[in-house]
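Peer 1: Handing you this structure, nothing more for now.
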Amino acid sequence: MTFPQDPQDPNHQDHHDNDMHDEDEIIHEEEIEEIVGDDAEGDVAMDSDDDHEMGEGDEEMFLHNDSIAYFDAHKDSVFAIAQHPIYPQLIATGGSEGEGDDMPGKGYVMDTSAAVSRPVLPPSYQSDPSAGQQQNTELTPIFEIDGHTDSINALAFTLPKGDFLASAGMDGRLRVYAVSAGANQFQFSFLAESQETEEINWLLPCPSADFPNTLALGASDGSVWVFTIDASDSASPIQIVQSYFLHTGPCTAGAWSADGNLLATVSEDASMHVFDVWGVAAAKNLTTDNGQTVVSLTEADQRFAVEGGLYSVAISPSGNFVAAGGAGGNIKIVGLPRLSEPAPTKPTQSRPAPAIRGPAGRRMPAPSQRPSAAAAAGAEPSAQAGAILASLAVQGDGIESLAFSPLPQTLLAAGSVDGSIAVYDSARSFAVRKHIRGAHEGESVVKVDFVKSATSQPGMHGWLLTSCGLDGVVRRWDLRGATASSQNMQSGAAVSGLLKEWRGHAGGEGGGVLGFVQGETGERVVTAGDDGVVLVFEA
């Protein structure tokens with residue numbers, strides 16, 4: 001797939017699917033609404049045809065493209081994208097390949113440093129579009145990810161140094177590749193494979209430097225697994241640290257706490273469990289009766305029940321609470337124990353508690369016997385853990401993505417299937433700060449993510465939010481300004497705070513943006529498209 005430049009406009013390019021004819025088409029004005037309406041394919045680009053006589057009322061249409069580089073080796077949808085933590089120009093993408101039932105899955109790794117930045121267009125561009133004409137950079141793969149028998153739907157570089165790249169598929173396989181870098185040269189080599197479940201839904205690296213190269217994944221059978229990768233152990237380089245089987249429906253999303261001690265997961269069965277992966281909470285007598293979690297909530301608790309299930313989860317940077325989003329626009333805010341505070345007094349033990357085995361067989365702190373109910377009730381950490389702090393339902397459909405702003409800001413952003421983004425302020429009892437109803441033109445918001453370090457924009461730290469949706473557009477928002485209470489929210493007159501948007505994907509059915517990465521500073525955004533294209537945008 002290539003993006004030919006329109007000779008009259010350097011910022012407009014056409015995306016042509018392999019199945020489409022190369023010849024250009026002209027449509028009449030009265031046909032436009034029918035073609036580009038809600039049911040439109042969204043991936044048809046139309047240029048003028050010199051051999052076709054333009055009639056009165058005919059209108060020329062172009063697919064706008066703001067990208068500076070593209071990668072089109074994928075033959076089908078791109079479901080997953082990951083970025084190296086040390087070398088942000090290193091991007092891995094994965095998706096489906098083949099036709100019909102034969103979809104073995106395929107992935108690629110590319111170096112986006114080849115993407116050439118576009119200079120600021122001179123004033124002459126207004127009168128002479130060709131003055132600023134510049135071709136997009138075509139990216140080429142430096143490594144191919146294969147070995148899966150079904151679509152790759154999750155990718156992750158391990159933390160803190162990106163020593164390994166892991167791909168997870170709908171075939172249940174977890175495949176790991178060793179990554180080496182030097183003099184701007186990157187090499188990948190297959191290390192090992194593990195298959196403990198039938199289908200993997202998500203994959204996340206643990207952020208703790210104390211437990212490097214550790215990954216968590218959630219599966220369609222509801223199971224949750226934590227692995228650590230140790231290339232020095234040739235007999236077992238992928239080691240199971242923990243496995244959990246508390247969900248009764250597919251595990252749809254997961255989130256690590258900032259310190260890597262806790263792992264929160266949610267499920268279609270409307271349950272949420274926050275696992276004490278390394279035994280830190282157990283050592284402080286802060287686990288629940290099952291001994292594995294610090295919080296376990298299901299629909300049996302009517303205060304927590306969300307009919308239709310939960311599909312997104314995020315833990316606040318402070319680690320004080322977790323947000324779980326689900327069907328009907330529902331978000332539940334639940335308190336977490338403060339693991340850094342002194343633990344309650346431990347009762348005398350009659351015998352030693354069994355040790356917990358961590359990565360590579362390391363002994364972890366053993367859980368002590370929990371204090372009496374009276375003692376636990378008087379301890380602030382235990383009293384806060386599991387408490388439902390807020391039930392939010394501003395949006396009208398499922399919550400697909402949740403993200404907390406970096407400190408010192410206290411914002412929670414939620415992207416919904418109804419095409420809106422809601423922003424809450426956790427420091428003000430989760431009051432609505434903004435509700436951007438038309439954030440993605442009525443199409444589902446797939447992902448929201450705060451820019452972690454706005455170093456190039458002083459004063460914007462913690463206020464910049466990036467989003468993508470099935471409309472095929474990526475947008476950047478400034479969340480500063482008046483709060484929702486000072487605006488006419490009922491009439492939708494709230495100031496959106498839209499800073500910039502990037503177009504280039506087809507949009508609509510089969511053309512949405514399924515994910516993106518933006519590094520620490522958000523200066524470049526790289527997208528995964530349902531149209532099979534990866535695009536690089538520059539802020």
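Using the three backbone atoms N, Cα and C, a Cβ is placed for every residue, glycine included.
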Peer 1: Taking 133-173, 338-378 as the choices, which stretch does TrEMBL tie to region 'Disordered'?
Peer 2: 338-378
Peer 1: Provide the three-state DSSP residue tally for the repeat 'WD' (145-187): helix first, then strand, then coil.
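Peer 2: Its residues divide into 0 helix, 26 strand, 17 coil.
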Peer 1: By Cβ distance under 8 Å, which residues at least 6 away from the ends of the repeat 'WD' (145-187) in the same chain are close to it?
Peer 2: 79-87, 90, 92-96, 103-109, 111, 113, 193-207, 209, 212-215, 217, 219, 227, 229, 231, 237-238
Peer 1: Calculate the per-residue pLDDT averaged over the repeat 'WD' (145-187) and state the result as an integer.
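Peer 2: Value for the repeat 'WD' (145-187), mean pLDDT as a whole number: 94.
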